Amino acid sequence: MRKIYNFSAGPAVLPEEVLEQAREEMLDWHGSGMSVMEMSHRGKEFMSIVDKAESDLRELANIPANYKVLFLQGGASSQFAVVPMNLLEGNTQADYVHTGQWSKKAASEAGQYCSVHITASSEQDGFNSVPPLEQWHISSDTAYVHYTPNETIGGVEFQWTPDLSVAPGGNGNIPLVADMSSNFLSRPFDVSKFGLIYAGAQKNVGPAGLVIVIIREDLLAIPPLPRTPTMYRYKTHADQASMYNTPPTYAIYIMGLVMEWLKKQGGLVAIEQRNIAKAKLIYDLIDASSFYHCPVSRSDRSRMNIPFTLSDSGLDEVFLKQAQAHGLLQLKGHRSVGGMRASIYNAMPLEGVQTLATFMREFEKNHV
Ligand code: PMP
């Protein structure tokens, strides 16, 4: 049993059972005599690992047969460029919903390849909410609409999936693209509503080094921009089942173990209930207190990343030091916003959140 709780935004806590299994299989995976790290990615052992990881992911997320799953490298940040390179299809414009720092990065990278139209923005309220669909304006000649379902830094999460067929200016044929890096598999989601989903693994799914892409097959027929590198073409990887080159094998293996763990937890419906309960513990405490403050509008608060401040920022260092002494690690807020941030992904146990809540109450009592 570990004695600490890790609230890092990512790379982040992984299920203890998964780490223990990986330790057990480290030197000799299933009698093969090899560590997974040492296996050929084309050998039958690794092929069985990747096939199982994909089929468990498909089962958990109920991925329809007309979607491909790709296991890529380069992190979610590489997708900021790869998405426009592959989906523009002769269009000169793409739409981006601006809800915070990650959507901004995605939009500015896309700006290298096309003109970016900001569909909607929550800038006027300091990125503390998501813009309602009625306020969106989709441009008439857009290639796709990109949004970030969970802003990891701002702690703002969409509690709904945008329906582009009813959004102002929209229609049902425009592909919806989502950067699900920080809430992937934390709740059920309907893949058929999306053209493309991408997610860096290092929050809810596994170690850094793997990015998962789920793409509707018809989008693979779009010719990429001229001179798009072979490695940045989705079709390259789709045609070769992510084996065009060496994929991040160990990260895929751990991801596969996380999928098995998720299935044992009861799948996405069950994990969502746990995530709701965990987040409620901290938000209720913050809302009942005048010592802690969360700036995010209540209906749009993230279940994964909870940013909060203390009424006196002079106490920040003491808070962090005492938290650490209680085994509560990595609570410091993002450098751009300060304060605190508790990231409570799928693998954060309820006891970890309860321990944090008890510590926060105690700290408040001692400092008001
Ligand atoms: N998008 C979101 C929503 C993120 O939280 C992050 C990482 N924190 C990224 C993109 C970038 O991911 P990577 O570091 O894997 O490129």
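Each residue, glycine too, has its Cβ placed from N, Cα and C.
Just so you know, TrEMBL annotations are computer predictions that nobody has curated.
Quick caveat, the model's predicted, so the values are computed rather than measured.
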For the pyridoxal 5'-phosphate site that TrEMBL assigns to ALA76, SER77, THR152, ASP179, GLN202, ASN245, THR246, which of the candidates TRP29, TRP102 is also assigned?
TRP102
What's the CA to CA span in angstrom from ASP179 (pyridoxal 5'-phosphate binding site) over to ARG42 (L-glutamate binding site)?
29
Just to verify a number: CA distance, ALA76 (pyridoxal 5'-phosphate binding site) to ARG42 (L-glutamate binding site), in angstrom, no decimals.
25
I want to verify one value. Collapsing DSSP to three states, which class is GLN202 (pyridoxal 5'-phosphate binding site)?
coil
Going by C-beta under 8 A and a gap of 6 or more residues, the same-chain neighbours of THR246 (pyridoxal 5'-phosphate binding site) are HIS41
Can you tell which of the recorded positions (ARG42, LYS203) has the fewest other C-beta atoms within 10 angstroms of its C-beta?
ARG42
Taking only the residues the record lists as binding pyridoxal 5'-phosphate, namely ALA76, SER77, TRP102, THR152, ASP179, GLN202, ASN245, THR246, what is the largest Cα to Cα distance between any two of them, in Å to the nearest whole number?
30
I'd like to know which of these binding-site residues, SER77, ASN245, is least surrounded, judged by other CB atoms within 10 A.
ASN245
